[in-house]
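Straight from Swiss-Prot, the features:
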{"type": "TRANSMEM", "residues": "21-41", "note": "transmembrane segment"}
{"type": "TRANSMEM", "residues": "45-65", "note": "transmembrane segment"}
{"type": "TRANSMEM", "residues": "90-110", "note": "transmembrane segment"}
{"type": "TRANSMEM", "residues": "138-160", "note": "transmembrane segment"}
{"type": "TRANSMEM", "residues": "167-187", "note": "transmembrane segment"}
{"type": "TRANSMEM", "residues": "205-225", "note": "transmembrane segment"}
{"type": "TRANSMEM", "residues": "247-267", "note": "transmembrane segment"}
Amino acid sequence: MTHLERSRHQQFPFHLVAPSPWPIVVSFSLLSLALSLALAMHGYIGNMNLVWLALFVLTSSATLWFRDIIAEATYLGDHTIAVRKGINLGFLLFVVSEVLIFAGLFWAYFHSAMSPTIELGGVWPPVGIEAVQPTELPLLNTIILLASGATVTYSHHALIQGNRKDALSGLFITTWLIIIFVICQYIEYTNATFTISDGVYGSVFYAGTGLHFLHMVMLATMLAINYWRLRNYHLTSSHHVGYETTVIYLHVLDIIWLFLYIVFYWWGV
């Protein structure tokens, strides 16, 4: 039933979602991923096969779920103004939760850095740790992220003004900038002289920057999907909730990275 047909019988503007298997499948695949990862890390299972299987099921089911959401928004007209307001509110709460997670990681970092224990040698970084220099890859990544914030803003404003060509160009450049950031971060990790198991410094460093790295991988995927949708005329100047939330997400990650760079790379060294 299309939105126009439903409006004759429905006295409220909200979308009644049809029965879907994806929420329960995603939930169980997330549970399976967490359990298999914990079992593999503690040596209860000898390989990562269950982890990769759970990750494959999670990725596949999430992709199919978002496919249905795109169909409801683009082709069925189910995302009314009231629904879009609800989506924006939900995304805002998601951003708040992300900020609180990183606030906890910064707290852990400052707790260890401002009063290093005797076991750490009484200094920060601890004795034996060769910290990543802030003027090398981290500085390049900072410049890349600031540039991506500018290009995605240019693309967003071009879309609002109906300039599809510039919107596509800006989004294409932004997507590749984020991909380059992810590659540079991976190179930094592979060349670092310490690991996540090297005491509290390694743990909190990789917990903070690694969580941001995973979010950047997810952001690159979101940008690529929005580029595909924009090329296929899914997004208009007045209806582009998915793209708008992605832009906000990028700016939030930009700000978090600036704090990570200042605290973890510059002040912490």
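Backbone N, Cα and C atoms are what each Cβ position is placed from, and that goes for glycine too.
Segment contact holds for the transmembrane segment (205-225) and the transmembrane segment (90-110), given three or more CB pairs below 8 angstroms at sequence separation of 6 or more. Sequence-distant contacts of the transmembrane segment (90-110) (same chain, at least 6 residues past either end, Cβ-Cβ under 8 Å): 204-205, 207-208, 211-212, 215, 245, 248-249, 252, 256, 259, 263-264, 268. Same-chain residues lying 6 or more positions outside the transmembrane segment (167-187) and placing a CB less than 8 Å from one of its CB atoms are 137, 140-141, 144-145, 147-148, 151-152, 154-156, 158-159, 209, 213, 216-217, 219-220, 223-224, 226-227, 230-231, 250.
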